[in-house]
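*Asks:* There's a structure below that I have some questions on.
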């Protein structure tokens, strides 16, 4: 974007002082809010003369509270001579209207407009050049529910909602420390979306925090509708298919990440909270890994790594071995494959690509369609396409098995977006395998490794702590060691306050000392 | 940076072009004929006859057609292995692929003429496995044997391999052992022998061992029993059975022996006279007792043991004599001399076959009969007949 | 661009191990028969000597690369002239490494695919990593691939154990004698001589005190594994067959069979060969490009990549057959020329001059 180019924003009003005449103010504001049917102008006429004007957005404000706490006291005190004075209202609010959380006096119309649009009520009186803004923000919210994308068997079931204040509460409830900070800003010239940068002071590296602030403040766009908007603006390498910013719906994941020295970026209007810096391992680890027993978790993690390689490599290895190096397949298996392939009209690469595309289509259709139709799609896809295609000899059964296993394997990744990256990269790798065999696969894998080792997320290497290697931090990568052995925070994220759990808490040791 | 970006763009372009024009080595499975067994014979005119056995994938997949023949053989001739193979290709509709060739059969005539000319191809081609079983066809040609059908196995080729495997050896290593013995300065190579027979459903029989001389020419055959003794002396045998005749009794005993061990002690004096002492050890388990002896009696056990050791040692001596007579050191005596007397070997190796023939061999057999089974005396005998 | 000690260790290991393991054993067995492993042991010890020499030399100037400190020691022009043989070695080594790697892949996997395709694709990877990551990127790749290489080698060794017959190792020493064993070790030293390339790398270390121990450990692991590999090769194939085989250790991996199903794991060996070749090529090309840039005082060293990558490709395509680059190159170029001059001669000279001048400098300091 060229410098100086301005984004259109409707509330970029010139500074305009309030007029002592309430009527003029009303006219001016009504012009601004022309055709905004949700903006309510509520004048209070006393003895035929307008004394007070209350402005708010319907639905953003606790209307019932407004009625009870503000309007009724005003009306009962209508004869009070001080009714024109703002100071009176301020006192009134302070004494009675406890539902109003913050008040402020402003004298600029643009600020009034901004406040009203943010869910505050504006109170203007005759003869004063200041207005009172009171926060009574309250709107319809989705109740806290189980996160849809990261469900667990064991562990907390609360997920974030679309409301940032609820989300902050969810985090604060898990972290009652004054070191936990939430820095509020707004992003989006038109949408004025509220954002919060959460971190734990004393753990987070100041350099990374500064970088996050810098990148977020640098965002200039009209509106932010989801944290995904933010993500694309603050990535280190935008052209990488790999997610460089983690997102989660789970407050426990956010708190755990904060404790590792990461920073959470919360955006109003979406339940997805961003976590930076991200490493690839956090996409392979699930929240539940930390709640289940460590032996079980370690096994599951190893399985996940195998499945990850399967989801990435299996189709290409199948193509490479069966069309380039059949000597690598044991005889019995080779004969079976050869028998199945006998009548298939396509080359194996084309066949596999075809099945992969069909599979991806099924998957996509399953997500987008309404649930009842979705099951019909999977019926048609799985039974009709798969079964009859094999029967008709258009595709071979081994190919269907390979593609199906690949699909299942790619579902096993806890984070959807890393799965997406590997899903996408599978296709170029398939082409490489189809033209250069195992060597092509090796080429692809090396290229992927080069890409991955050079990725960074907010300056932290994407593969840390494996490459560059920090063996002291390997307790929580491929396996998970018991909690009492993971004494320190990750060294690639944290400089100070390293100790999490003091050493020497091995329960077996305690048992011995009890004897 | 712009230069880098331009360079990257070029690299991506090169990759794409390579991908699109690639597939030089791509061969679909349904365009390939997989060779599972290979045979080599010598024709009357001195050229080679190559036989290849291919499975028919169409017949393998369908369970309904299991009764039909699932493989077929094709022959080709030429003056070298590869030439014959190329001739063979002109008769097959698909490109043949030898990466799964596990079995090579060699006709008797060719084996007598010598294998040195054909063995090279089997180790040079990187696609071909060195881990191959190679068998000599006694009294026949490889082509004949390959065209036999074998109902138990999906592909008949596997029958050769598995018969050999069932006999207790590692068929994978046959070719390697042959090559190693052939390349060494001490030993002569051996190969297993298979033969056609007509008396049962199985038309194949593992016959024994073929002995080659240093020119890789077939010298003579040893029966399976003798072959096993050779393997025992070489320390390659896992276990076998011995039948013991008890002179005072009618009938015999069968002892299964395992944990075989071999010690070969050699000595050479200044006149290059070689003395070799072979100590064969084993543990025995009695499997069959057709005599009247009560084996709860220790003296009977030691008597059986004594007879067994004597009889075995006589037999081993006879086998060694037979081999010595031909001058083909397949027993690994040369290796032992080399290892135990490396300095003298430098002289001895020049005329090792003669030294081998003249070597004085002493055999000691120490089989320890450790178990006599679940019964003492034979259950099938009357009480009066049992002798303690 | 800084690398850690651990990264240096994996770089040394993954560059030295695979090629030596595959090719040096065969060459040593020709001279020393079943004592080839003693040859490799001696070669490892001589490798230690070389490592000691070059690290000691480089650590006199921990912040400088070879190109820089040779000028510090011999003066500007003397230093520049001394680099000339190294420059030839770099260019030649690059192209031969590329050719070897491509030949191996070609022989094991392909029959019709043109050789240049393999070379071009390999070079693309190398250019990619040098451009995007520089030395740090290469080092991280090494850190990731090195352990994989080690695991595959250890795995193939373990799976091969049931074929081994230790009798093949006997008689020890008598058949060959010192002369032959020494002769056999020369080929090993020739492969270990690559370590001279690291004189350009030590300057990038974040903690240069680790340089000696880390390089030594890398060399030690390599030497131990190579000795083990040569013993295993002889125990599998005897002393004669390896001399006739092109890459006996690779041949041994082709014999692995576990449960009759895990067979043909040689493909894993091709993969780690690819890893090793990739790291070797990228490190060497980086050194060539970076060293030349320092030599000729060119600021933007990355530009030179577009010069040296095509040169490497063209030179690699020149040899007519696959035997020439691995056998003749070692015998006619590396052993008579590079080892005495580049690996031992010049570093020793520099070290002596540096020590003498260092002493005189000290004396000067004392006078002042």
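Positions of Cβ are set from backbone N, Cα and C atoms, glycine also.
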*Asks:* According to TrEMBL, which of these ranges is transmembrane segment: C:217-241, C:242-266?
*Replies:* C:217-241
*Asks:* May I ask you to check whether the transmembrane segment (C:36-57) and the transmembrane segment (C:115-137) make contact, with contact taken as at least three Cβ pairs under 8 Å and only pairs 6 or more apart in sequence counted?
*Replies:* no
*Asks:* Using Cβ atoms only, state whether the transmembrane segment (C:144-161) and the transmembrane segment (C:217-241) have three or more pairs under 8 Å that are 6 or more apart in sequence.
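*Replies:* The transmembrane segment (C:217-241) and the transmembrane segment (C:144-161): touching, yes.
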*Asks:* Counting only residues 6 or more past its boundaries, what in the same chain has a CB within less than 8 Å of a CB in the transmembrane segment (C:217-241)?
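*Replies:* Contacts with the transmembrane segment (C:217-241): 8-13, 16-17, 20-21, 24-25, 28-29, 33-34, 36-37, 39-41, 43-45, 47-48, 51, 150, 153, 157, 160, 163-166, 168-169, 188, 192, 195, 248-249, 251-252, 255.
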*Asks:* What residues in the same chain, six or more past the boundaries of the transmembrane segment (C:181-205), come closer than 8 Å to it by Cβ-Cβ distance?
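*Replies:* Sequence-remote neighbours of the transmembrane segment (C:181-205) are 1-5, 8, 11-12, 15-16, 19-20, 23-24, 27-32, 35-36, 38-40, 42-44, 46-47, 50-51, 54-55, 57-59, 61-68, 89-90, 93, 135, 173, 211, 215, 219, 222, 226, 280, 283-284, 287, 290-291, 330, 334-335, 338-339, 342-343, 347.
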*Asks:* Who are the chain neighbours of the transmembrane segment (C:267-291) in space, where the CB to CB distance is under 8 Å and they lie at least 6 residues beyond its ends?
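*Replies:* Counting only partners 6 or more residues beyond its ends, the transmembrane segment (C:267-291) has Cβ contacts under 8 Å with 11, 14-15, 17-19, 22, 65-67, 83, 86-87, 90-91, 93-94, 97-98, 100-101, 104-105, 108-109, 122-123, 125-127, 129-130, 134-135, 138, 141-142, 145-146, 148-149, 152-153, 155-156, 194, 197, 200-201, 250, 253, 301-302, 304-305, 308-309, 312.
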*Asks:* Residues of the same chain, at least six outside the transmembrane segment (C:115-137), with any C-beta under 8 angstroms of its C-beta?
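*Replies:* Hits for the transmembrane segment (C:115-137): 1-3, 98-99, 101-103, 105-106, 201, 204, 277-278, 281-283, 285-286, 289-290, 302, 305, 309, 312-313, 316-317.
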